[in-house]
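Shown next, in C-alpha cells, is the structure this report addresses.
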Amino acid sequence: MARKDTNKQYSLRKLKTGTASVAVAVAVLGAGFANQTTVKANSKNPVPVKKEAKLSEAELHDKIKNLEEEKAELFEKLDKVEEEHKKVEEEHKKDHEKLEKKSEDVERHYLRQLDQEYKEQQERQKNLEELERQSQREVEKRYQEQLQKQQQLEKEKQISEASRKSLRRDLEASRAAKKDLEAEHQKLKEEKQISEASRKSLRRDLEASRAAKKDLEAEHQKLKEEKQISEASRQGLSRDLEASRAAKKDLEAEHQKLKEEKQISEASRQGLSRDLEASREAKKKVEADLAEANSKLQALEKLNKELEEGKKLSEKEKAELQAKLEAEAKALKEQLAKQAEELAKLKGNQTPNAKVAPQANRSRSAMTQQKRTLPSTGETANPFFTAAAATVMVSAGMLALKRKEEN
C-alpha cells in the first residue's frame, strides 16, 4: 500500500511539473505579445520595431516549440510512469495475492519491510539530492584540482620523457647483456653436452676395459691351468721316454742275444722243424713290433707337430722337447731298420738246428723276465707303445686342438 501511494504521489508530482511548465510557457508567450504591443504603440520608427517584433516572435516560436517538445517528453514520461505504475500495481497485486496466502504475521512483517524500504528510499533520495549539491561543489573543486594536476602532469611528462630515454638506454644495454648471457649459456650448454658425451664414452670404455680385464684374467687362469697340465704331461712323457729308452736298450740286448742264438742255430742245423716254428713266431713278433713301432713313430711325429703349433710353451721347453723327440724318432728309425735287416736275414737263413731250439726258448723266456715297468704308471714297458704314452699323446692332441679353436 505504501508503495502504491508513493507511485501515485510521484505521478501527480510529475503531472504538476508538466502543467507548471506549460503555464510558464503560456505566460512567457503572453508577456511577449504584450511587449510587442507596447513596443508598437510607443515606437516612432515602426520599421525597427517590426524587426524587433519579428525577432521576438521567432524566439517565441522557438521557445514554444521547445516547450511543446518538453511537453511531449513530459507526456511520454507520464505515459511511461503510468505504465510503470500499472506494472507496479500488477506486481503489488501479485505480491498481495501471495501475501494473502501467508499468515498475518508474515504479512505484517512484509508490510513493515516495505514501509522500511520506502523510508530508506526517501532517505536515499534526500541523500542523492545532497550528493548532487555536493557533486556540483566538488566539480568546481575538481576542476581546479584538474588544472593543477594538468600542470603537474606536464612536469611529470617531461620527467617521464627523460626517464623513458634513460630506461630505453638501460633496456638496450640489458638486451645486449641478455644476448651475451644467452650466448654464454648456449656455449656452456654445448660444453656440457660434449662433457656428458665424453663421460658416457669414458664410462663405456671403462666398462669395456673391466670386461676385457675379467676376460684376460680368466684367460690367464685358463692358460695357467693348461700350462700345469702341459707341464705334467711333459714330465710324464719324459718319464715314459726314459722308460722306453731303457726298454729299448733291453730289447737291443735281447736282440743281440737272439742274433747270437741265430748264428748258433745256423751252425748246428739241428731241430729244423722246431727252429723253423720258432723262427716263424719270431718273424711274426718282429713284424708286429715293427707295425707297432711305425704307429708309435707316427704318433710321436703327430705329437711333435702339435707341440710345435702350441703357443703357451716357452721356446726353451719346445727346443728341449723337440730335441728329445727327434733323438727318439731317430733311434726308433734305426731300430726299425735293424729289425728289417734281421727279418730279411731270418727269411734267407731258415736252416734246421734242433739243438739250438731250447736255447732260443730260454732266451725268449729271459726276454719276458727282463721286461721293465714305466715309472709314471707302473705299466709294463714296451719300447714301441704304452697306455701312458697313448694318454699323453691324446691329451696333447686335445690341448692343441682346443688352442686352435680358441685362436
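Backbone N, Cα and C define each Cβ position, glycine as well.
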39-52, 81-94 - the range that Swiss-Prot marks as region '2 X 7 AA tandem repeats': 81-94
Per-state residue totals over the repeat 'C 3' (221-255) - DSSP helix, strand, coil: 35 helix, 0 strand, 0 coil
DSSP helix/strand/coil residue counts for the region '2 X 7 AA tandem repeats' (81-94): 14 helix, 0 strand, 0 coil
Folded-back contacts onto the repeat 'C 1' (151-185), same chain, C-beta under 8 angstroms, at least six residues removed: none
